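For reference, TrEMBL has these:
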type     : residues : note
TRANSMEM : 55-79    : transmembrane segment
TRANSMEM : 136-153  : transmembrane segment
TRANSMEM : 173-194  : transmembrane segment
TRANSMEM : 206-233  : transmembrane segment
């Protein structure tokens, strides 16, 4: 749970620190999704065979935890704490909020009492109030429904394979790995696809949403594993495309909106 939204934070980081042009940014996010999908290719196959061994669940859980910790260590060591060449002070005041740098030790008294560790519910609620809802409510609503439908599908995907098709853990792993392969290949094609749409991300997102609905409908009535496998191809394609498209549209809309004090 602590590491659940690492990909979301990574996409936000790439949106802020990546290329400035929409096409270059879309290509960057597409490549990121493709490399992320490599984990969905290798992981399910390895996890499926682990689950079939004695104490398989414990082995899978411990392995996943170690991978998350390794990923956290890599991010800590490799992601720069700030702009290159800048050396901010350890602690400084900006308005009423205390700003802390990553070079600070973990057990300083200032850090223990700061919002970097302690969740400030009042600040979270205020962020919702200060959010530019008139400018971005439609994109957030689209993102919610698109993500909600995919999460519902993926949460029940393993159960459907077990109950409806009597699939073994290794078969489920190979099916999930196949989805990761399609997602990885589609991620590398997003830049060319957006270029073909002439940077019209709204039109691309509309077509991707229509194809997503059709794919989910086919998956619902799939009579066999082969049909299910074919229906997974367009679903993983449009998932990667819509994720990048809606991120670019959100960044563009937020940049174009007037900043409030």
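Glycine is treated like the rest: Cβ placed from N, Cα and C.
Any TrEMBL annotation is an automated prediction that lacks curation.
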- If one takes Cβ-Cβ under 8 Å and requires six or more residues beyond its ends, the residues near the transmembrane segment (55-79) are 3, 6, 13, 46-47, 169
- Message: Can you tell me which parts of the same chain pack against the transmembrane segment (206-233), counting only residues 6+ beyond its ends and a CB-CB cutoff under 8 A?
- Response: 142, 146, 149-150, 153, 161, 165, 167, 171, 175, 178-179, 182, 239, 241-242, 245
